Amino acid sequence: MKEQITLAIDTLCYHCGDSLPAVPFSSDDKQFCCAGCKSVYLILSSHNLTSYYAYNDIPGASQKKAAEHFDYLDEPAIAAELVDYMDDQTTVITLFIPAVHCSSCIWLLENLYKVNPDISNSRIDFPKKQVSITFKNQLISLRKVVELLASVGYEPQISLQDVVKKQQSDHSERNLISKIAVAGFCFGNVMLLSFPDYFGLSSFEHSFQSFFGWVNLAFAIPVLLYSGRDYFISAWTNLRNGVLNLDFPLALGIAVMFIRSAAEIISHTGAGFIDTLCSLVFFLLIGKWMQQRTYHYLSFERDYRSYFPVAVTRLTKGNTQPVPLDELKTGDRILIRSNEIIPADAILLKGEAKLDFSFVTGESLPVAKVPGEIIYAGGRQLNGAIELEVIKPVSQSYLTKLWNNETFAGQKDPIKTFSDKASKYFSIVLLLIALSAGLFWVNTDLNRAIASFTAVLIIACPCALALSSPFTLTAVLSIFDKNKFYLKNTAVIEEMARINTIVFDKTGTITNPTAKGFEFTGGLSIEEQQLINDLARNSGHPMSRELVKSLNLAPLYPVDNFMEKVGRGISGTVNGHSIKMGSAAYLGLTAQDKGSVVHILIDDRYCGYFRSEQRWRTGFKQTAIKLGQDQDLHLLSGDQDHDRELLTPFFPRMQQLHFRQSPQNKLDYILGLQQKGNTKIMMLGDGLNDAGALKQSNIGIAVTDDINNFSPGCDAILDGAAFEKIPQFIRQAKDAVKVIHMSFAISLTYNAVGLFFAVQGILSPLIAAILMPLSTVTIILFTSLAARLYAHKNNLL
Amino acid sequence: MNIIYMLIGFSILLALVFLLAFFWASRSGQNDDLYTPGIRILFDDDAPPADEKKSDEDHPHP
């Protein structure tokens, strides 16, 4: 018996790889950590789908979390919003499934028809973690399809917000790819036709010259009008707003190149710069494409709508009916089941509410409410089902008002990038050089004046300059990505290099929400631990459950006279001993509780107390000390201040530790810091209570332990495991800016060489055709290599 | 050497065909997911023996 248990502890759950509890669930000599994992295995094995476990070891995701209720999917109005296509035979729906992560997932989800033949087809888009399912809607309902997915361990995340986003983003990328394709096609053909000219034509081939020229000109037109169109539009709109950005010299260069080439070809005076034009547009678009690549499966724009459920159960005269959230009106009665989220401010009518508000307020302990009390939206019900009466519609609730705050009515200032600033001066200097070169020659030789003026604009066209930022930043982006730090876009890196103030949230951000430890003060024998374990097993209170988990003992004795005083303590008789455990007040002790404490009384003898300690994230202490050297550190916690003493050593200035902060307090605090001037704030938070502050700060980083879970709107998502790398990330961001500066210097050198020929009016198409791609390739190589080199130095690769 | 006019014309036509083929592929979504098909091709497509009764007629037909 004993040996079996040690063996079981050594092995892991066959389905999800979690460590096994004292008494594992087992089936077919396989061990499982929970009933959920086991039931997934049973479904798969009964349908002969056990190859799922053959493609990868432990391919499953943990099934400990109870599945949601999907009865709202039976409402035609809600279903219609979600499906891609529907007729009277078949329905096609695309669902986002966060759990998708390996080839076994692909295999299983594409073999769904074997579990239920009414599903005719299912296809995975792995990078987007989406599955597109076609099913016969006469035979199986949408709800059944989704429940089937949940039953095999792939519960889709259904949110009306993400669906819209998905449909928008697809189009712009395909358009850009088409533009690149056209530019590349023309570029290749033009190079082919230009080569004879580079090598010199013998006299009998001269008849081809004008033919090649005309064909080249024909190729240039789609490049100019289709592929390069955005540069003209952008330059024009920026010019009208009085902004000189890099698109202006680019558009000018492209236009001048085309006009001069057309003139030369039509007048038979030269071959023109069509090849340079095409290569320029082609490389520029590639840079743009690199910069636009985003994480398809991460959403940085989430608000309360994706945290809240899609629908809620409304009670009307004893009937229950799921309704979409925006149809919820004041006075409606709603039913909230265990583990569901309260979507609107409401009065509790029936049932015993025990709400976990940790995501909203940062307070880690659940709050109990009795009928008649007001419950604010955002809490998660932990006990059984409750009935509520809505007093405010969803959009007017206390929590959601944060998003409708007027601070966010206007767009956040776009991040000023280095290339934006530099291009202003670049454009002015470029125009001055071009004009003075033209004026210098205008009296002696008009043709040469025009030649040098246009040549300056062509050769100084800042292609390499325009590419240095995108290539450096995308290289850094992918380095960050490997370290589990996901940025919304490349501009965030430049902003990160300017950070001088860091604001932390406490619960879930610098503490690890899953690792809760119990520290026992006093003395307990093994037998006494067993007694406590058996008693605590009977309670549903989170503290009891945590305690049982940390004791990790199998149940042994039955419990008699079990009594639970909600939120205070439990008592009972186990193996002849009377045991009481709970708060000091419950046990009649005089001690003051600091934090979450469970005192133990066995046969009226005081044994000591368990203290629940939230553990800091790995490396938090060193990280805070390192960050404190260069940045000003602040803490904004929604929690009580029992951790103040523990945190004081890491925050050099005591007065910058703030506790009991409401979401509005946090937002105001950030605003106050920003108004002092010269502060660039990086805020790290995790919950809805930080959402306002995250949005307001210069960079809002959402810290999460599972990137697929909900995270509030932010600029970057940081996996909790990478928390200790924050100082390295900041250093890497600063180094990235250095690399951009260096590559600007390199491309300016190339421009200077080109200008040397251009101002004299002797720029030949050949020199232009060599310089342009050469400078581009140099920049691409330099930036990606330098970014990696710095990443090695910063221990990020 | 006048044959060059014709040859260049043909070569451009051929290249245009490829460009149009690329557009078609892109529009029909073939480039949207470049990762999954590479995994999919590695799966054994023989169904496990006990499940023969619904092997062919229920195969996905796009």
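Cβ atoms are placed via backbone N, Cα and C, with glycine included.
Annotation comment: TrEMBL describes A:91-157 as domain 'HMA'. Taken from TrEMBL, the feature transmembrane segment covers A:176-195, A:207-227, A:239-259, A:265-286, A:425-443, A:449-480, A:739-760, A:766-791.
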Exercise. How about the transmembrane segment (A:239-259) and the transmembrane segment (A:425-443): at least 3 CB pairs under 8 Å, pairs 6 or more apart in sequence, or not?
Worked result: yes
Exercise. Sequence gap of 6 or more, Cβ distance under 8 Å, 3 or more pairs: do the transmembrane segment (A:425-443) and the transmembrane segment (A:176-195) meet that?
Worked result: no
For this session: For the domain 'HMA' (A:91-157), would you mind checking the mean pLDDT of the predicted model?
Result: 88
Exercise. Taking contact to mean three or more C-beta pairs under 8 angstroms, with sequence separation of 6 or more, is the transmembrane segment (A:766-791) in contact with the transmembrane segment (A:449-480)?
Worked result: yes
Seminar exercise, completed: Best-packed against the transmembrane segment (A:207-227), counting Cβ pairs under 8 Å over A:176-195, A:265-286, A:449-480, A:739-760, is stretch A:265-286
